[in-house]
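*Asks:* Residues annotated as active site, nucleophile in Swiss-Prot, with sequence analysis given as evidence: C53. If you look up Swiss-Prot, you'll see T52, C53, N54, R55, S110, E115, Y116, E117, Q121 marked as substrate binding site. As annotated by Swiss-Prot, NADP(+) binding site applies to G190, A191, G192, E193, M194, A195. Under the heading site 'Important for activity', Swiss-Prot lists H100.
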Amino acid sequence: MSKDEELLQNYCSILFTYKTIGISNLHLYYFRETEIKSLKQLINAEFAILQTCNRVEIYLYSDTNTLKEVNKIIQYLNNIHNEPIGNQARVLCGKDAAKHLFLVASGADSLSIGEYEILSQIRSTIDMFKKLGFSGKYLQIFFERAIKVGRKVREETSISKGKVGIYSLAIDEAKKRFNDFYDRRILVIGAGEMAQKITSMLHNEGAKDVTIMNRTIEKAKQLALKFGYNYEKLDLDKLGNFDVAFISIYHENLRLENKWNTLIVDITVPPLFTGNNVITLEELERISNLNFKAREEELAKINKLVEDGINELLYDYKKEIYTEFMSKIMKRIETIRENEILRAYKELEKLGINDQQAKEILDLMTRSIIKKSFQPLFDNIRSLIFNGENSINYINFLIDIFKDGNISGFETEKIKEKQVSERSSI
């Protein structure tokens, strides 16, 4: 591991995904709002939780000991689930954590390869956790870089060409059975985000005879009227009246048999329906992977863009460290300057000099002295941060000199020992 890569070790992730625990089990790992708030009280770290139908991923940043905070979360999960659920987590830190999130943002790790939806999900996640006060500037730059990498991958590769989103795949698989939707009776069960997207796509496909069913009739009505469709109260016994039904509704682990001739496209997690003539998310995943095999040559390009993104993240991180360092030092210098100017004003007043112009000259002169005196030092510090082999150790050592506290969990002992050793050998 290079010294630069060590800088990223303050970032870690705890992962539960459709690849590791299966799409049908993923709902067991979702965090409730109360559990998220409990984490805030438990750990000493910035954190954000990315929860989608494909994954539950916790990202952390701590400037002390991130792995210690990871272990706290895993123990917490074990306690609330009354079983060692944390043992099923995949834990990544440093460059590996960044690479994973960047691949997720690129759509290369999605159930539906190349999907665009994940970018908005990453954006809404970091925005929400920032608003809640659970994430800070270091996790912000981590997620912002992931979003930039995701956009760049889509611009420079063909990973997202064609219909790759999970909703598009669901529509296409249903169309294969009927050629088109023009004269088909279609049912959408649910009125949430997924159902809204399915309904919008059906409208774009020219579907005319569509009915929205939902437990809350008002939500079904609101969605249906938006597209000029019908709506009804949820009644599963009526499924046999339709040619195709798209299912997107929350349920408490129900499993129902498809006893009708209706084609059921069930994108619920876990699936509500089993049996013949049922298409689930797992089936759509298989189709997505087959589609991606035709674009496997894009993987090398994607991996290169991800590696470039990690180097850019390192730059972002160092820039944030430098900005924080400069802010701390300049705040201290400015406090000293202002105090000394006040002393000088008082001395001038003792001499009978109470000229406002003289005070302004004194203010400008001290600012100029500080700028000319410290600029070479600041230039050297910037060079150490962005180019130095032991950049983070030098930063902490300089801050120790100014007695202003550390901004990183990396110890300064190594650099101090090195300096002592060098003096001893003279």
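Any Cβ shown, glycine's included, is placed from N, Cα and C.
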*Asks:* Closest of the recorded positions to E193 (NADP(+) binding site), Cα to Cα, picking from T52, N54, H100, S110, Y116?
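*Replies:* Answer for the nearest of the recorded positions: T52.
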*Asks:* Tell me, by DSSP, whether M194 (NADP(+) binding site) is helix, strand or coil?
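*Replies:* It is helical.
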*Asks:* If one measures from the C-alpha of Y116 (substrate binding site) to the C-alpha of A191 (NADP(+) binding site), what distance in angstrom results, rounded to a whole number?
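*Replies:* Here the two Cα atoms lie 21 Å apart.
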*Asks:* Sorted by position, what residues of the same chain at least six away from Q121 (substrate binding site) have a C-beta under 8 A from it?
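*Replies:* Listed in sequence order, they are L50, T52.
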*Asks:* From the recorded positions C53, N54, A191, G192, M194, pick the residue whose C-alpha lies nearest to the C-alpha of H100 (site 'Important for activity').
*Replies:* N54
*Asks:* Please identify, among the binding-site residues G190, A191, M194, the one with the smallest Cα-Cα distance to N54 (substrate binding site).
*Replies:* M194
*Asks:* Around the C-beta of G192 (NADP(+) binding site), how many further C-beta atoms are within 10 angstroms, looking at every protein chain?
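*Replies:* Its Cβ has 13 other Cβ atoms within 10 Å.
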*Asks:* Once near-sequence residues are set aside, which residues in the chain of C53 (active site, nucleophile), 6 or more away, have Cβ atoms under 8 Å from its Cβ?
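*Replies:* Spatial neighbours, sequence-distant, of C53 (active site, nucleophile): I23, L26, L111, I166, M194, I267, V269, L281.
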*Asks:* Starting from the Cβ centroid of G190, A191, G192, E193, M194, A195, which together make up the recorded NADP(+) site, report each further residue of the same chain whose Cβ lies within 8 Å of that point, ordered by sequence.
*Replies:* Q196, K197, I198, L223, S248, I249
*Asks:* Can you tell me the CA-to-CA distance separating A191 (NADP(+) binding site) and S110 (substrate binding site), as a whole number of Å?
*Replies:* 24
*Asks:* Near S110 (substrate binding site), which residues of its own chain have a C-beta under 8 A away, given they sit six or more steps off in sequence?
*Replies:* N54, V104, I118, S288
